[in-house]
Structures are given as C-alpha cells and as structure tokens.
Amino acid sequence: MELQEYELITVLGPTASGKTAFATRLANELNSEIISADSRQVYRNMTIGTGKDLDNYIIEGKFIPYHLIDICQAGEKYNVFRFQHDFHEIFTKIKKKGKLPILCGGTGLYIESVLKGYKLLDVPENLILRSNLKDKSVDELKKILKSYKNLHNQTDTDSVRKIIRAIEIETCYPTQKNNPINSYSSIKSLIIGVNIDRELRRNRISLRLKKRLEEGMIEEVKNLLETELSPDQLIYYGLEYKYITLYLIGQLSYSEMYQQLEIAIHQYAKRQMTWFRGMERRGFKIHWIDVYEMNHLNEIFNRIHF
C-alpha cells in the first residue's frame, strides 16, 4: 500500500514522548496539517499545564497549521462526541485542499473514536444519578464503571467527576435512543506510535514538570481560579490543574503537590500505553518507532513497507 492510499496519518504516544515534534516534522515534509487529539488542549488559557508547546509548530521558520487547540473556553463542556464532529469537519477541509491530514495526540479514546467511526450519543447530564453517586469514593465508582461493557475512557478516570460522567454515559446508552448520534465511517489510517524507554520517559516527565513550574504553571492555575473557574472545575481537568489547585486552596503543601503530581503524571503515561496496547488487541496496526529514530523520516517509511 502506498502512502497516498491512506486517508490519514495518526501519530500517537504517551506524554513526553516527543510525538508532537515528530508530527510537525512529518507535516512539514508532506505539506500537511495537524489535527490535535488532546482532550485538554482544546481549552484556551490552559497552555502550560496542558503542554501545548506551540513553538513545535514552527519548523525552519515555517508555520505548520494545527487544529482543535484553543477552541473552547476553560470550563466549557467538551467530550468525545464533540471531538468526533469537530475532527470530521477539519478532516474534510484538509482533504479538500489535496493534503493528507495528520492526527496527533495521546487521548486514546478520541483517536480510536474517529479511526473506528464509533457511533456516539450526545449524552445530557443526569442530575439524579450525579446526586446518588457524588458521595462515593473513586474506587467505588471505578467498580461501578467496570460493570459496564461499552467503550469508555479508562485512561482518564482520576477524579470522581470524570468517573461519574463515564457512568452517566454508560447508563444513557440503553435508554436514550432518540438522542443525536454521531455516525461516521471508519478511516484508513497509517498509525505511527512513538515508543520511548520507560526510564527515559520518567526522566523527561520529571524534567518537564520542573521546567513548567519555573515557566509559571502555578500562576496560570491561580489566574484561572481568580478569573474563570471554581476549584472543583479545575480539579476536574486532573493532573497539573488538580494538584496545583489543591495546593493553592491549602489542601496540599508545595512538596506534597509536587510529589503527588509527579507520580500522577507517571501513572497517566502508563495508562496511555495500556490504552494503545489495547488498541492493538482490538485490531489496530500500530507501527512503533523508537524515540531516537524520529529525525530519520525516510528510514522510518522504508521500514514500515507500505
């Protein structure tokens, strides 16, 4: 199969793997555009904590067009249903330009939903269900969620609010047949996964966390608390926003925040890899490249053997 026979190139990998830098180099080589598959980078004013690293989108002075970054206000509801719709809108526009779009990100559910063309319901909030579940622990809620068989984002269940939303979605499927449904075809995509040694990944995560704190990540969260969002809303976004918020409202010391956040990011990267390995078991062919190969595009394509 030749490269032009694909409808899409997908670049995936865990956090701190360098997948965005690789995708932008690829886009520059192919005169392409990037569609982000990151569930948090859609939000404006959440730049440092989500690792947008927009400098990556400039290669040798050339701007690489990107999409689905900074499209929502912080606090606005965004989910896989909306992502599917937004992706296909951008995907179609890029294809009409005669370009091969590149999907890049680490949110496995978002990636899988568009590649397989999952039919998804637009699920409303269930206030009664939320009230019944709000006092349960994370472990109790995870047990409830695991009792369902439908697809849900197990890489992103690190807060009570997120798990309740996942349960809300699962309970809606058998009963809300008349809700709007996204119905899209599956997409023939070349999938490239960036594989990074576990110890190197851990070192990168630790160094990156230190760098982001030095760049003003705490100030970013503080500004969001002062101007836009409540603590509960920020905690919902998890990881950096969760732990820094807990620090700012006095529930954690700086040292506790730093240690717990670092551990949580390592755990998140591990869950991402678990999701990607699950994709392989579900029939996706992922061509894994080593992080050290990323500058050698021709060698990568020759090895993949289209």
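Cβ coordinates are placed from backbone N, Cα and C, and glycine is handled just like the others.
Feature annotations, reproduced from Swiss-Prot:
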BINDING   Gly13, Pro14, Thr15, Ala16, Ser17, Gly18, Lys19, Thr20  ATP binding site
BINDING   Thr15, Ala16, Ser17, Gly18, Lys19, Thr20  substrate binding site
REGION    38-41  region 'Interaction with substrate tRNA'
SITE      Thr107  site 'Interaction with substrate tRNA'
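Features as recorded by Swiss-Prot, highlighted on the structure.
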| residue | record | DSSP (3 states) |
| --- | --- | --- |
| Gly13 | ATP binding site | coil |
| Gly18 | ATP binding site | coil |
| Thr107 | site 'Interaction with substrate tRNA' | coil |
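For the substrate site, the Cβ centre of Thr15, Ala16, Ser17, Gly18, Lys19, Thr20 serves as reference, and the other residues of the chain with Cβ at most 8 Å from it are Gly13, Pro14, Ala21, Gly106, Val194, Ile196. The C-beta environment of Gly13 (ATP binding site), restricted to residues of the same chain at least 6 apart in sequence and closer than 8 Å, consists of Lys19, Gly106, Gly193, Val194, Asn195, Ile196, Gln272, Phe276. When the binding-site residues Ala16, Ser17, Gly18, Thr20 are screened for a C-alpha within 10 angstroms of the C-alpha of Thr107 (site 'Interaction with substrate tRNA'), no residue qualifies. It is Thr15, among the recorded positions Thr15, Ser17, Thr20, Thr107, whose Cβ has the fewest other Cβ atoms within 10 Å in the structure shown. A C-beta separation below 8 Å, combined with a sequence spacing of at least six in one chain, links Ala16 (ATP binding site) to Ile196, Arg201, Arg204, Ile205, Arg208, Ala269. By neighbour count, meaning other C-beta atoms within 10 Å, the densest spot among the binding-site residues Pro14, Gly18 is Pro14.
Secondary structure counts, DSSP: the region 'Interaction with substrate tRNA' (38-41) has 0 helix, 0 strand, 4 coil. Taking the mean position of the Cβ atoms of Gly13, Pro14, Thr15, Ala16, Ser17, Gly18, Lys19, Thr20 as the ATP site, the remaining residues of that chain whose Cβ falls within 8 Å of it are Gly106, Val194, Ile196.
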